[in-house]
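A.B. asks: Positions annotated as transmembrane segment by TrEMBL: A:16-37, A:44-60, A:91-108, A:114-134, A:146-164, A:197-215, A:236-259, A:279-311, A:323-342.
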Amino acid sequence: MIRFEPRANPGPVLTYGVPVIAAAIAILLAAIPLALADAPIIRAYGLMISGAFGSVFSISEMLTRATPLILTGLAAAIAFRAKLWNIGAEGQLYMGAMAAVAIGSGVIDGPSWIMIPVVMIAGAIAGALMLIGPTLMKTRLGVDEVVTTLLLNFIVLLFVQMMLEGALKDPMSMGWPQSEPIIDSAVFPPLIERMRVHFGLIIALVSAIALAVFVKRTVWGFEIRAVGENAAAAKFAGISVTKTMILVAALSGGLAGLAGVAEVAGTRGYLATDLSPGYGYAGIVVAMLARLSPVGVIASALFVASVFVGADSMSRAIGVSSYLADLIVAMALLCVLIGGFLTRFTVHFDRKTAG
Amino acid sequence: MEIIDILLAASFWEAAIRIATPLIFGVLGALVCERAGVLNLGIEGIFTAGAMAGWMAVWLGAGLWAGVLVAALAGAFFGLIHAILTVPLGLSQHVSGIGVTLLATSLSYFTYRTALPDVSSPPRIEPFRPLDIPFLSDLPFIGQALFSQTAMTMLALVLVFVTGWVLYRTPLGLAIRAVGDNPSSVEAQGLSVYGLRIGAVVVGSSLMALGGAFLTMSAFDAFFFGMINGRGWVCIALTVFASWRPGKALIGALLFGAFDAFQVRLQTEVGAFLPSQVFLMMPYILSIIALIVVARKADYPKALLVPWFKGQR
Amino acid sequence: MSSAAQTSQQTSQDLLLALAGITKRFGPLIANDAIDLTVHKGEIVALLGENGAGKTTLMNILFGHYVADEGTVTVAARDGNLEQLEPGAPQAALDAGIGMVHQHFTLAENLTGLDNIVLGTEPIFRLRRDRTKARAKLAELMAGSGLNVDLDQPVHKLTVGEKQRVEILKALYRDARLLVLDEPTAVLTPQEADSLFAVLRKLAQNGLAVIIIAHKLAEVLAVSHRIAVLRGGKKVGEMMTSDADHRSIAELMVGREVPVSRRIAREPGQPVLTLSDVTIDRGDSRRSLHGVSITAHEGEILGIAGVSGNGQAALAQLIAGLDKPDHGSVEIFGQKVEKFDAHQFAQNGIARIPEDRHHDGMVGSMTVAENIAIEDVRNAGYQKFGFLDFEAIRKRAEHAITDYDVRCPGPDAPARLLSGGNIQKLILARVLEKSPKLILANQPSRGLDVGAQSEVHRRLLEARQNGAAVILISEDLDELLTISDQIAVIHAGHITPAMATDTIDRSELGLMMAGQKKTHHAPTNQKTTTHSGETA
């Protein structure tokens, strides 16, 4: 008989080691689908590594991918900390991107130091509102936020499509449903000449550190931790669960909205319905791999981004489907879940003594 | 009135029941899992896996019913992963479910792409044909609306009855309802909490996969990326709406199907005035509204989402 | 109590259960240390011990939830042969005819009593259920034991006493030959307890063996034949009930002289909290109050007696600032409360001790220091510009840990590592250090060992002596009668006028708790509390 006993206090080796091991196992497991696809396994791994780290260009591509993933990862991490199950980062990202485009494509103009903060704020507010709605429905009406945020992803995408065929349509796009481009003064400047990695990365890194400080050291962070770990006790102690949840929703939705801003203002330059290849959902994996630690999100976003960029590059070279990347990421999530279990419990095998 | 004309047409109800069919499978599956105390957000991915696996089996030469069986087994496989993570290991049902959805979806897509690397238009199979039951299919109205559906729709309707019977009329159903309310009541009577929960999740996940299989083997004849398009999440909402009862699940799915069929017809009437996306949003908005309507009085199984460990009281 | 004669005739042929040398360790802790215990047919054995003495562990081993490290469990088979019970197999225990009634009932509330009883007794893969045989057998059992209950009601509609009957029937339906009851009287009125005892006597006469687990002697003195006492995992004494000496057993249980808390006479002062005609209607009698009027005075402990689920939760929520009345008014120091807000209440000098200390009292993953400061982190002393002052938080915790003797690895240890008694001390430290004027203590000593219990009582009495008004909600009549100045009874959302503790008759209190004896509501007559108990 197998028995689980809680561990009193997992050490730092377990706490930080488990996500690394989980990620490594997920990478190794990828050998199975690679073998089934008749691919040269060793070469495929080599191609993935060089695709993500092999040159300044590939590192720049990887960091470009990591930028929205850090932000959606933070969005999931802060929400899950408060047990607000925000699965709607994808929709919040699109709303943020749309707000950035609506304001940043020529309606107003000004110098960069005004325009960049303006599109960021607009995007963050749009994303925040997208989550505050479901959060209010949860706290006021008792509607499960998992389903509402999930369904809102589909609604938002259709809404974006509608706007791109209507009010936000670029007349110069020759019929493609895409928005007018972001004006130059609102574009995030690149960090390296002629490379795609952009100012959004700085925003993402600063956000991660600021969020870490916020959660650990401020009164509001204290209240978020209390509500997330035991809402009943927090409520009894006089902490307003509703207000805390709305604060979390604003932060989480705002961060996801910022990811959308970074994508249109930093990477793409305009809005289209294929802006995000599932950054919102991948953010959940990023957050879980980071064990909901804001600083950890940086590391896990870099991992997920290198899997995506590496697999893309490998796919182009030897024709293995790039869905392999999604597969690795999904397996990493399940592995880190199991790993998390092993840090909280020890496993014992009992011998049965009688028959 | 045009609206009345729409509602009175047999073809409208035929479409409504067809649209409802995958949802019936999905809601029954979600309901079985949740009645045992486990939320299964793997549903969206399991739909995808069922759709892909069933279709692929037939495309590789298996019979249609063999394809259905393959789909169910694929669902059971992913259900088992979710069950192991959430039942004996007691991990977060939310996160595990999302993980299973990501895994099942990416594995389905990867397999499909690996099997068919270069096709531009998806290959087709010969799907289930509409039934032609002597006498019944010739009845006015109901003959077209109900008895000219495919065998999978009939299977869905039969499963509503079977699920209801098992839950409310058999010792097994009694144990499943008990384990979702208070697992200790089951353990104290010498039954296995883990066994019941794992079994319920595996069977429920198979049912979900049948919903996916219906799409590729009955409603359409091919597999597309993104074809599930949130149907799984809609089922989770409808399960709450149905108060975890098979009969109400049928009604909920049919209402939903009728609404969807109606908006498609309305679109052809007034489509000129409103963008098509407004109509496409309707099912999702409707699901949210359905949740809001029942939220206050929703009587969730008491042990839903609560992990249980052996020897615990 | 003609029991002594009966049990003395028992021979080894009547032996039903023998636990021999049971030892169970959890890491360094020895929960059971070489315990021997026998039970015969028709015998009622009381297993006495404090919380943490090892009673529950022993029973978990008997039921196969745990595997003993050493020792054996032997049960007489139905043919009379002694057979060793397979360790770690709940099904084996059930098959051997051992039935258990847990303190927290193991009933599925959405099912009927009948469904709960039949659950697991029929082959699971069958197309139908057949209830005719079950009904016939249960009718017979009910007639033979006096355990009458409507089995077609969903369990959530039954009273606590009725649920307990379903639990007992559940065991009897499986032909239990040994019935174990864990703290069976904790949730019953004295009268309900008497009728339970009557049932148990009848069942014992029919040959059933019974083990009653209890932490209070008085409760089992009336019904048991034999008493075994556990302390610190060891069996420290065993005797016939007829030979038992009340005081010495209490000392045997605790291991030292039992400290008795005594009230020092004190004149009550001004009213602190006044509820006038308060109604909270939540559609469920457990969570509702109906026209409640009570007053708590300075320097006075007002006990609220009642069987759990009679509106105590609603009363506590109200005084804790977590709910507001639908009708009626609440005054604190003569000021009508307009805003019911837990944070405001805590800041205005109301100490709130929650009923469920694990669930509502602490955030397990946060540190001891953070848990102590949790009500006050928004205050100037603990934050600057929204940033927490960890130094101040830690300092307060260090004081609290010494002053209240909270046993923990340190202020930075996660609170979940604390034992129940230490969690309660942590909560006392959190709320009492601020010299509150009003204390809401909801079941403050439930589940604690005697040492921690007397510590709680001492702190409450000390606060009373310093002029605080204390509202003590409790199901423990001994506790109420020991430390309260006044006692009011809550039943089905109604609260009787308060009665002076010295004038109260225990059995009358029991009748009032059962709602059978209604006193007139006298909201305008709140202060004349001394004699209202007799004016029924």
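Here, residue 1 is simply the first one shown, and the rest follow in order.
Using N, Cα and C of the backbone, Cβ positions are placed for all residues, glycine too.
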A.B. asks: So if I exclude everything within five residues of the ends of the transmembrane segment (A:44-60), which remaining residues of that chain have a CB under 8 angstroms from its CBs? That is, six or more out.
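C.D. replies: Cβ under 8 Å, 6 or more out: 27, 34, 192, 195-197, 305-307, 309-314, 317-318, 320.
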A.B. asks: Should anything in the same chain at least six residues away from the transmembrane segment (A:236-259) have a Cβ under 8 Å from its Cβ atoms, list it; otherwise answer none.
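C.D. replies: Apart from its flanks, the transmembrane segment (A:236-259) reaches 67-69, 71-72, 74-76, 78-79, 81-82, 84, 86, 88-90, 92-93, 95-96, 99, 120, 123-132, 134-136, 138-140, 203-204, 207, 211, 220, 223-224, 226-227, 279-280, 283.
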A.B. asks: Quick one: do the transmembrane segment (A:146-164) and the transmembrane segment (A:16-37) reach 3+ CB pairs under 8 Å, ignoring pairs fewer than 6 apart in sequence?
C.D. replies: no
A.B. asks: For the transmembrane segment (A:197-215), which recorded stretch in the set A:16-37, A:91-108, A:114-134, A:279-311, A:323-342 gives the largest number of Cβ pairs separated by under 8 Å?
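C.D. replies: Top-ranked stretch among A:16-37, A:91-108, A:114-134, A:279-311, A:323-342: A:279-311.
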A.B. asks: Which bits of the chain, at least 6 residues beyond where the transmembrane segment (A:16-37) starts or stops, bring a Cβ under 8 A of a Cβ in it?
C.D. replies: 44-45, 289-291, 296, 300, 303, 307, 320-321, 324, 327-329, 331-332, 335-336, 338-340, 342-343
A.B. asks: Take the C-beta pairs under 8 A between the transmembrane segment (A:323-342) and each of A:91-108, A:114-134, A:279-311. Which stretch has the highest count?
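C.D. replies: Comparing A:91-108, A:114-134, A:279-311 against the transmembrane segment (A:323-342), the winner is A:279-311.
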